[in-house]
């Protein structure tokens, strides 16, 4: 009876209102995770239909099915949808739904950000879908190479849809990555040290760190290209000092890690499912963790292998060829660990296992062709041919879709609460496996016979016809398989009998709860001593439901969960999460307003949504906080802890650290672009250098020193009990802002030369960050005066200090980067 | 957190080494260091070899240091040593082109 009472009490706190109000205001991770997965699957079906149209066109020579214009939109949208609107959101949705359950916590670190990410994804994806329905979809290929995607060669709005829509979706990816990484590091069940985390959490930790470092170069590239298209700033125009290769560098700095960003979460799912299917524990946990970290870092040294044919010196080619072959080793370590686990256990051929076998076959073949194209002379032959299309599909379909299908069957009971029935899934598997290989296996051969990727037709009598016809037939068989899978899953939802709580006999925490899961996941939080706690305590689910863990008593209607020390997993403090709110959807609407106005070329009006975002962000922060110290509260088992408002490093501080990591990568990519153009691009050095002003530089230095000192002094004074805030920091940042504005006035016109354009972006970056830092200092000053800060409640000041330091640091680097060449000259 | 950062630092140093070698190669070519000689070898190649060996030495020291100085849990200590070894091997392997391939062609 106690379990039922707790269930009702927690449901009242963590649940969402019924109807539309709940739809717009829910910030619950399970709801949002499912929404993301369902939407991503919808995009997968749309991308799949586009693939069928592509195969219909290529089935026969001289096909009159569609013209080249429509075909270019098909393949561009197929690639873009599958990469940006299916694969990334699908694993994000899965992680959002599953990670807190695996980690033994009740929600994500930033529930409002989770909701904001979902709305941004929905709106950004809808923009691209609208473009497709309106017949103005992007058509320059999913990697949007300049100059093809530049204004002279793509004058329509098509490319703008891609640049703005994808950037909108990337905002979602970045905030979700911050959300996930802080959750993994800080919100595990007590006792769950890093070496006791489920492997999926390790995979997601590495993946999200990769996202924070990998996505900013693409966001930067998209912004630069949109600036070039909208205002004529020539970053990629060789005639005015730009270089189209800069786009390729920025794109593939994102694009290659992206392959691993997609593969790793799927591999994480494999590492969770496979030992359960083999009825044993995973072999080589530590080896796998090392391999995943190695894969994550090494994958950033591969991007130039997409550019082997652009005319780069042999030494540079060899650097990237070496790194590309090296990355096969950590991948191999994982595969051997999985094979070893199967060897050590007693595998059972259930549905998830079937798809895992499909994954092994297809992914290993894709990996081997990957090593082939990593070798420069082979790549020169195969580059831009159908061989590469085949390779990437073996890697991505094999490395992502097969494991995700296995995951769908493995965790199905978690979503439906029903046990798997019927045998349609087996037929679907065989159709998918056979269909996939029929589509792509001989594409390797026809590629080596000379068929280029992305061609819309080909002549008869050159030996390609049979290969293409078989490919097209295979593509349709694959589509039937996916259709059958969908029917099978829907049948489980509506017709299968109820499942028992842990149908596979798994050992991880996501199975220690009611299925389908409740809004709060667990009525009490366990103490974990093992990687597979459910194996150690088979009745753990009941014990937690009865409230025998931590935080078992609902309090003040608060959404409480626990924070732990990053590495050791020792219990640290209570986190009180924000409840349901419509703020995320409204913030996403305002963000969307900016992108829509950019699309409509109403550039001056974009200032309105930017101002709106400032208001929203202010409100976002102002909604939280308290005016009194609460002190230590009981969490059960004789322990009392303070809430996150009264610790030095609450989740908001950690979130800022990781958001600034992504921001720093963006800035570093911009500086790389500046250095790249200066050393490699034609028409450099520029005709006119920046008119350096020593007085501005001196003023900025003084302002920076004042801001850094002021922010620290405010924190010191707060710790001594004075709540005066950082007036000095505000003065310092204002001086810096004025110095940067003086630089804006002296900067040469950005349309003249790429140097001028880069200078304009650098100064804009610095102005933006110093302005954010200034706004935050004003915010904490007002909060201090309103009584929201105390010696215990100092975190807001610490967060503002982080941003002030970043604003000051990046502002100084920008000022030096623009002044030093001019002063030397 | 510092224990985790320490555990992955071997590969972060590899990333720095890899970027530095690639950047120096581009810079050396842009400045014409392939045409200047230091004794029997090009100036650019000499600089690249020196940088490569410096990173190899630093990473060898990291392996030694992590093996002899522990910080945090045993798992993270072992991970730090393993990642340092991986980073060291990666720097040696991906840096070999500085002695085997043409610098600017």
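Backbone N, Cα and C define each Cβ position, glycine as well.
Curation does not apply to TrEMBL; its annotations are automatic.
For the ranges A:627-648, A:803-824, the feature annotated in TrEMBL as transmembrane segment maps to A:803-824. Looking at A:5-24, A:285-304, the stretch flagged in TrEMBL as transmembrane segment turns out to be A:285-304.
The transmembrane segment (A:803-824) makes contact with the transmembrane segment (A:727-745), as judged by at least three Cβ pairs under 8 Å among residues 6 or more apart in sequence. Most Cβ pairs under 8 Å with the transmembrane segment (A:353-378) belong to A:316-341, among the candidate stretches A:74-97, A:161-187, A:316-341. When each of the listed stretches A:316-341, A:424-449, A:574-596 is scored by C-beta pairs under 8 angstroms to the transmembrane segment (A:118-141), A:574-596 comes out highest. If you look at the transmembrane segment (A:469-491), the same-chain residues 6 or more away from its ends with a CB under 8 A from one of its CBs are 45, 48, 51-52, 55-56, 58-60, 405, 408, 412, 421-422, 424-425, 427-440, 442-443, 446. With a cut-off of 8 Å between Cβ atoms, the residues of this chain six or more beyond the transmembrane segment (A:574-596) that come close are 13, 16-17, 22, 24-28, 106-107, 109, 111-113, 115-116, 118-120, 122-124, 127, 164-165, 167-168, 171, 186-187, 551, 558-563, 606, 608-610, 612-613, 616-617, 619-620, 623-624, 633, 635, 641-645, 650-651. Confidence over the domain 'Cytochrome oxidase subunit I profile' (A:8-529), given as mean pLDDT on the 0 to 100 scale, stands at 95.
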